[in-house]
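Colleague: Relevant sequence annotations retrieved from TrEMBL are reproduced here:
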ACT_SITE  ASP483  active site, nucleophile
ACT_SITE  ASP553  active site, proton donor
BINDING   TRP204, ASP371, ASP372, ARG448, LYS481, TRP482, ASP483, MET484, ASN485, CYS531, ASP553  substrate binding site
DOMAIN    33-290  domain 'Glycosyl hydrolase family 36 N-terminal'
DOMAIN    654-729  domain 'Glycosyl hydrolase family 36 C-terminal'
Amino acid sequence: MNIIYDDSKRVFHLQSGTEDNGTSYVMQVHKNGYLGHAYWGRRINNVNIDELLVLAQRVSFSANPEEGNSLLSLDTFPQEYPAYGKTDLRVPAYSIQLENGSTIIDLRYDSYKIINGKPALSGLPAVYAESADEAKTLEVTMIDKLIGLKVILSYTVFKDYNVIARNVRFINEGTTDLKILSALSMSIDFDNYNYDFLHLHGSWARERHIERRPLIKGNQSIMSRRGASSHVHNPFIALLNKDATEDNGEVYGFSLVYSGNFIAQAEVDQYDTTRVSIGINPFDFSWLLKPKETFQTPEAVMVYSSDGLGGMSRTYHDLYRSRLCRGEYRDKSRPVLVNNWEATYFNFNAEKIEAIAKVGKQLGIELFVLDDGWFGKRDSDNCSLGDWVVDKKKLPDGLKDLAERINKTGLKFGLWFEPEMVSPDSDLYRAHPDWCLHVPDRSRSLARNQLILDLSREDVCEYIIKAVSDVLRSAPISYVKWDMNRNMTEIGSELLPPDRQRETAHRYMLGLYRVLDKITANFPNILFESCSGGGGRFDPAMLYYMPQTWTSDDTDAVERIKIQYGTSIVYPVSTMGAHVSAVPNHQVHRNTSLKTRGDVAMSGNFGYELDLTKFTEDEKEHVKEQIAEYKELRHIIQFGDMYRLLSPFEGNDTSWIIVSKDKTEAFAAYFSVLAVPNGPIKRIKFKGLDAKKNYTIEGKEGIYGGDELMYAGIPVPVLEGDYQSVVWKIKSV
Ligand code: DGJ
């Protein structure tokens, strides 16, 4: 890791990661003060800047900002943070309107600063350095002298992680108001478009499916306008060299640490260059920046990998697991839990809950999670959100009593909340009908019978902090599931003036982050899991506050193979909640074996979500073994390196292996969806093992070389029937 500045040529050379697995990122201050982008890729030592940043004479349709210099047009010059209109006519990284209506901004280089470590982002989650020697940060200050706008471009490189983290601060040092119309977190210009565009798309119960397609001329983007990062698109894209595979070739990843409306885009221009940017979606957004005020963008985390998509994923996994997630549970094994949602839905009482917990204890489960329905008069989803007071009809002796009874069975107790919401049928709404997002004179559209509280308001945030904290203090609660079950409509806030209404959605996020910061800091021993109808807000920002997420409301083992595989493109296994549920499955009505359901769920934070009291004795024995097996393996599964072996998006079979960091142990899984008549003999070639070590595989005779397991592989047993799975437990000898 290093940041080198060559004063003679005004070149910044950032080096992230290590000598042999590192990245170089090079930029140059052009003689007129524009900040040019020269290189991002595999680490280099020398920089011949004139070979990297080449200017070419272009036609008159690309205008020149400097008289007499027809070589320079910002329309063709690769830039670090481009604006539209001052000769660059491509997609801008930001846009600002002045009081006179103009949107022309002309930022020029002013100064730079190199900081040891990584400063926090005001009000926003971000990756962090634990000590000053883990990271270095370059801050480049750009100024538009005419209006007194200062823009600070921040770049952090890490010693142990091959990433570059970027963010931008806008400071109004002028005397007039500025209106930010867009402020993306990063922009970068590639000198060609010979790439594929990869992103993760989906819907409720079908999150993060992988799509890879060639870049085409023009703009291609994914985005959210839903007020959440959403089930539909994840705030992540990657460009892959055409020949890049899972294990080889160059891949460039872009991940946004943000939970709200975002855009991620790649524009291929007339000269075949590609401009990539990611940040807050400018759609329906603006921000009034008064003199002396600062606007901070979210952080973009960029990963370059020369080891294919798998190399990129493992870099994100390591960074997000260790330097984004925080708190006691960051490095601690996650408990095996049972959640009562699919077991009882709203129909439970204390006796039923205790009965499930008692069986759970016999089976080896460590935590009971009481899901929706414990508060207000919530017997269905049509009321009571906002009234975080226990329902005495269901739990006559209160939460404390129930939690203690669960504790007595030997399990910890966890609780579900949906704190950002309000039901129209609630005491909270009756008292404060203005506390939800809404616009004047328009009806308030319901989704799942609920409205969204206006977290851009401080009083609403304070209410949530107090209401949730009071409950958490009232009983021995060890885990919280923080749910959020609708997207935003009629976005507006009663307290904001008309010219700030378009700030509402981002102010909501800032409010949410403040609430989460406060609550998670006040209850450091509680394990928090985020959820949004499953994976509707599975994003890096949420992981900063809550180190795991309920991956999907779809608990069907076959559907989960794709969802968990797609999620692993960016997110580590330790962040994915995965439960065994009943058959026929409640979402797709499919029947799969207990073994397959267990094997899929074991590749995540393991748990059960069914009525344990309904198990037969045989099933109980099987589940006991599953849980014991998971406990034996979870240090590998939750903290090891994941290698994807076969993709469910490319065929009938899926496989992955998770290898402990010291390469002495591994857990591998193989899934076959449909039975193939008279099919071929299949071999699985493992990855990530030590070629020089010898290993045993549980249930198989003999000793296997790591080289043998990786280069020759082992045959997959012949499987009979649909939805089959095999797991291998591998240990070095
Ligand atoms: C949606 C979640 O994803 C489910 O797991 C469950 O908690 C329900 N909400 C409860 O309403």
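Cβ atoms are placed via backbone N, Cα and C, with glycine included.
Could you give the neighbours, burial and distances for every feature on this list?
Modeller: Sequence-distant contacts of ASP483 (active site, nucleophile), defined as residues of its own chain at least six apart whose C-beta falls under 8 angstroms from its C-beta, comprise ASP372, TRP416, PHE417, GLU418, CYS531, SER532, GLY533, TRP550.
DSSP assigns ASP553 (active site, proton donor) to coil in the three-state reduction, placing it in neither a helix nor a strand.
Under DSSP, TRP204 (substrate binding site) is assigned to coil, being neither helix nor strand in the three-state scheme. On its own chain, TRP204 (substrate binding site) has HIS231, GLY533, GLY534, GLY536, ASP553 as residues at least 6 apart in sequence with a Cβ closer than 8 Å to its own Cβ.
DSSP assignment over the domain 'Glycosyl hydrolase family 36 C-terminal' (654-729) gives 7 helix, 30 strand, 39 coil.
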Colleague: Who sits close to LYS481 (substrate binding site): which same-chain residues at least 6 apart have their Cβ under 8 Å from its Cβ?
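Modeller: LYS481 (substrate binding site) has long-range Cβ partners ASN339, VAL369, ASP371, GLY414, LEU415, TRP416, PHE417, GLU529, CYS531, TRP550.
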Colleague: For ASP553 (active site, proton donor), just count the other CB atoms lying within 10 A of its CB, please.
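Modeller: The Cβ of ASP553 (active site, proton donor) has 21 Cβ neighbours within 10 Å.
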Colleague: Around ASN485 (substrate binding site), how many other C-beta atoms are within 10 angstroms of its C-beta?
Modeller: 22
Colleague: Looking only at the domain 'Glycosyl hydrolase family 36 N-terminal' (33-290), what is the mean pLDDT?
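Modeller: Overall, the domain 'Glycosyl hydrolase family 36 N-terminal' (33-290) comes to a mean pLDDT of 97.
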Colleague: For LYS481 (substrate binding site), what is the secondary structure state per DSSP, taken as helix, strand or coil?
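Modeller: Assignment for LYS481 (substrate binding site) reads strand.
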Colleague: Greatest CA-CA distance (Å) over the residues TRP204, ASP371, ASP372, ARG448, LYS481, TRP482, ASP483, MET484, ASN485, CYS531, ASP553 that the record ties to substrate?
Modeller: 19
